[in-house]
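Taken from TrEMBL, the feature domain 'NADH:quinone oxidoreductase/Mrp antiporter transmembrane' applies to 6-119, 125-258. Here TrEMBL flags 12-31, 43-63, 83-102, 139-158, 164-188, 209-231, 243-264, 296-321 as transmembrane segment.
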Amino acid sequence: MFLCGANDLITIFVAPECFSLCSYLLSGYTKKDVRSNEATMKYLLMGGASSSILVHGFSWLYGSSGGEIELQEIVNGLINTQMYNSPGISIALIFITVGIGFKLSPAPSHQWTPDVYEGVQFHDIGESIAITQTSMKRMLAYSSIGQIGYVIIGIIFGDSNDGYASMITYMLFYISKNLGTFACIVLFGLRTGTENIRDYAGLYTKDPFLALSLALCLLSLGGLPPLAGFFGKLYLFWCGWQAGLYLLVLIGLLTSVVSIYYYLKIIKLLMTGRNQEITPHVRNYRRSPLRSNNSIELSMIVCVIASTIPGISMNPIIAIAQDTLF
């Protein structure tokens, strides 16, 4: 929230750092888990390095603009000092882009993301690698890298009419369907002790509600109609096509097809009823009596609803996004 309203370099830097501190704690929450400790160390090192790179880029902007920290004053300062075409500005933009890139984790700055996703419990590269994964969390991590690639389309052609609004709308849908998928994965892991994709085989025979919830979230991530993910991608790609980004949109469509393939592969495993394919984890599957799981189930239900229903009310959501931004 602070980052959305930031108009100076200090707030732009401090806001994501506050969020990162919470993420460090979450990734290292299970202290006795070796994977969690490894993920936390990688995340902390990469986060510190990216923050240093980002600050270095800000320092170039600060010096080139004559000591200004507010965004509009920086623009005015660069014009007054005639530094807007200097090599220093190019260096600043490179460092800022690299610093932000490591925080957003698009390819090729995505190496830390799968380990952190597993420890906590540029789209064509992310979606392609996701096919080869055997862990649900790592698969979701590489899928998230691909989702960031779609968002970058909105950033590239961002304008006051459609660009940023399509990006915000897609991110809203993405957050709901991603959280819903994670809630399903966490519940399954707590009840079976595994996160291997093959161990989900036959889940529908033991827990139809969890299997259907996970299937809906995965289909929404893949962008199949009439779920929210489809309408979010449709609007984003349509805006990109209107802006002349034909190659990026075609690549996005191609990687969406790839993602649908491995999402459907997982859903097929969930719905299988053949005994020879059902793993011991699902055969011995039992609902946990712990009340602590109720909050996860409630979150899962809310996210599943948010991943499916809002797609039919796209126009009001887009209008709200446009009114909020501009």
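Just so it is clear, glycine is given a Cβ too, placed from its N, Cα and C backbone atoms.
Just so you know, TrEMBL annotations never went through curation; they're auto-generated.
The residues of the domain 'NADH:quinone oxidoreductase/Mrp antiporter transmembrane' (125-258), classed with DSSP into helix (H, G, I), strand (E, B) and coil, number 108 helix, 2 strand, 24 coil. Using a Cβ-Cβ cut-off under 8 Å and counting only residues 6 or more beyond its ends in the same chain, the transmembrane segment (83-102) has close neighbours at 46-47, 49-58, 60-61, 63-65, 77, 109, 112.
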